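**Student:** Below: one structure in structure tokens.
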Amino acid sequence: MQLLKTYIITGRDKFFLVVYSLFAAFILVPFVSDITPLNSQIVDLAVFVTCILLYPRAYGNRLMLWTFAYFMVLFLFVISGNDITIGIGKVAPSKKLLIELAWLLPSICVVSILRYKDNLKLYYYVAIISVSLYIISFLSVLPIIMEYDMRVIAIQEEAGVSIHGIPSYTLMHAFAISLPAAFMSCKAFIGKQRLVMLALAVCNIILVVNTNITTSIVALLICIIFFLSYGGTQGFNFFRLAILSICIFVIWNLGLVEIFLNYMSGWFEGTAVQPKIESFIAVYQSGDLAADETGSISGRETLHAISIDSFLSNIFLGGGQVGGHSAILDRLGGMGLFCGIPFIMILISQIVIWKKKIYDHLALMYYYLGVLVACIFLYTKGLFGEQGWFMISIFVPVVIYVCSLKKS
């Protein structure tokens with residue numbers, strides 16, 4: 001904590017922290033966006049403009065270069081009269097471009113500012129603000145998603161009936177992306193502080209489970225396995241891996257997998273997860289993907305195949321036809337490598353920035369875990385949203401970085 005005294009927060013930095021707090025609150029706390037008359041895209045673009053005015057020299061980096069290239073490609077598609085396949089829905093291409101600008105640019109600007117300032121105290125404040133707002137979000141969101149069926153709520157919203165505080169679909173994805181940061185905090189702290197971090201991690205797990213999103217639950221299982229088996233600088237603890245492997249072997253041979261799946265199907269009864277578990281049980285019993293009569297498993301692969309076939313028909317500019325169920329494949333399928341390369345490089349450029357910043361090996365592995373979870377959503381979901389970019393660009397790396405300093 002002595003390091004905090006070696007850095008000065010200027011008036012401009014304080015104003016930036018205020019702007020960041022408002023931005024993060026709008027992203028993480030549904031009640032804030034619900035009671036605010038402003039459209040979220042207006043808030044996002046206002047944050048972007050403010051960041052540019054506060055730190056005009058902060059953006060001479062490859063991350064911003066690839067972001068600029070990505071939006072130039074989208075702009076060229078729009079002015080040429082073509083659609084841009086970025087999963088936003090059936091709106092005009094020009095509006096899609098504006099929404100994508102609003103969703104992506106604020107988070108990229110914040111990363112660029114943190115890199116430019118390289119102020120440890122600024123990192124601490126951003127982490128504290130982010131975690132505090134996340135806890136507020138948890139306290140406000142969990143009772144709602146435990147009480148209401150999210151599919152019924154979606155139908156009500158289409159009919160014009162709204163319930164304040166309901167998290168968006170992309171925010172529920174973002175809860176899962178935050179898991180590596182939560183598990184890293186359990187590794188970084190000791191004593192009573194670790195107990196607090198463990199309690200927060202358990203709360204995070206409860207929140208993710210209650211979103212009833214299959215991909216989020218899969219991401220949760222990956223994070224738990226990593227947390228239990230990865231042991232710091234020595235890498236994976238093979239003793240723990242052996243124990244896990246033996247347990248899985250015993251469970252498999254005793255036929256407990258089907259019992260567990262049936263139990264989980266009952267647990268998620270009435271949610272979007274239930275038909276997917278039932279389809280998986282049918283495939284597991286028969287050993288044939290054709291047993292998936294509802295298409296809960298094979299349906300997604302069919303949609304992905306549409307995007308892949310479209311990409312292969314014209315790898316440079318895309319074929320224009322997409323399945324609408326993969327952010328990465330849809331961009332490749334609809335706009336080819338011309339759009340796909342800049343989009344992928346935005347993520348890679350962020351990885352390079354944080355790899356240079358996070359020196360602790362364990363923390364870096366947890367950051368990579370966060371990237372893996374984000375990539376799972378980018379591959380399996382058609383919409384990543386401002387919440388997804390906020391999590392993988394700011395929340396996860398900043399919290400993990402600060403935890404690594406605490407750990408060291």
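Glycine is treated like the rest: Cβ placed from N, Cα and C.
No curator has checked TrEMBL annotations; they are predicted automatically.
Here's the feature list from TrEMBL:
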TRANSMEM  15-35  transmembrane segment
TRANSMEM  42-59  transmembrane segment
TRANSMEM  65-85  transmembrane segment
TRANSMEM  97-116  transmembrane segment
TRANSMEM  122-145  transmembrane segment
TRANSMEM  166-190  transmembrane segment
TRANSMEM  196-229  transmembrane segment
TRANSMEM  241-261  transmembrane segment
TRANSMEM  332-353  transmembrane segment
TRANSMEM  365-382  transmembrane segment
TRANSMEM  388-405  transmembrane segment
**Student:** Please work out whether the transmembrane segment (196-229) lies in contact with the transmembrane segment (365-382), by counting C-beta pairs under 8 angstroms that are 6 or more apart in sequence and asking whether there are at least 3.
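**Tutor:** Result for the transmembrane segment (196-229) with the transmembrane segment (365-382) is yes.
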**Student:** Check the transmembrane segment (42-59) against the transmembrane segment (65-85) for contact, please; criterion is three or more CB pairs under 8 Å, pairs 6 or more apart in sequence.
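**Tutor:** Contact between the transmembrane segment (65-85) and the transmembrane segment (42-59): absent, because fewer than 3 Cβ pairs are under 8 Å.
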**Student:** Could you tell me whether the transmembrane segment (332-353) and the transmembrane segment (15-35) are in contact, taking contact to mean 3+ Cβ pairs under 8 Å with a sequence separation of 6 or more?
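**Tutor:** Contact between the transmembrane segment (15-35) and the transmembrane segment (332-353): absent.
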**Student:** Among 65-85, 97-116, 122-145, point out the range having the most Cβ pairs under 8 angstroms from the transmembrane segment (166-190).
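**Tutor:** Comparing 65-85, 97-116, 122-145: 122-145 has the most Cβ pairs near the transmembrane segment (166-190).
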**Student:** With pairs 6 or more apart in sequence, are the transmembrane segment (65-85) and the transmembrane segment (122-145) linked by at least 3 Cβ pairs under 8 Å?
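**Tutor:** In this chain the transmembrane segment (65-85) does not contact the transmembrane segment (122-145) - fewer than 3 Cβ pairs sit under 8 Å.
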**Student:** Any residues 6+ beyond the ends of the transmembrane segment (97-116) with a Cβ under 8 Å from its own?
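**Tutor:** Contacts with the transmembrane segment (97-116): 16, 20, 23, 40-42, 44-45, 47-48, 51-52, 54-55, 57-59, 61, 63-64, 67, 71, 74-75, 78, 84, 86, 88, 91, 122-123, 126, 346, 350, 353, 357, 384-386, 389-390, 393-394, 398.
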**Student:** Which residues of the chain, 6 or more past the ends of the transmembrane segment (332-353), have a CB below 8 A from one of its CBs?
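**Tutor:** Sequence-remote neighbours of the transmembrane segment (332-353) are 61-63, 66-67, 69-70, 73-74, 77, 83-85, 104, 108, 111, 115, 306-311, 314-323, 371, 374-375, 378, 392-393, 397.
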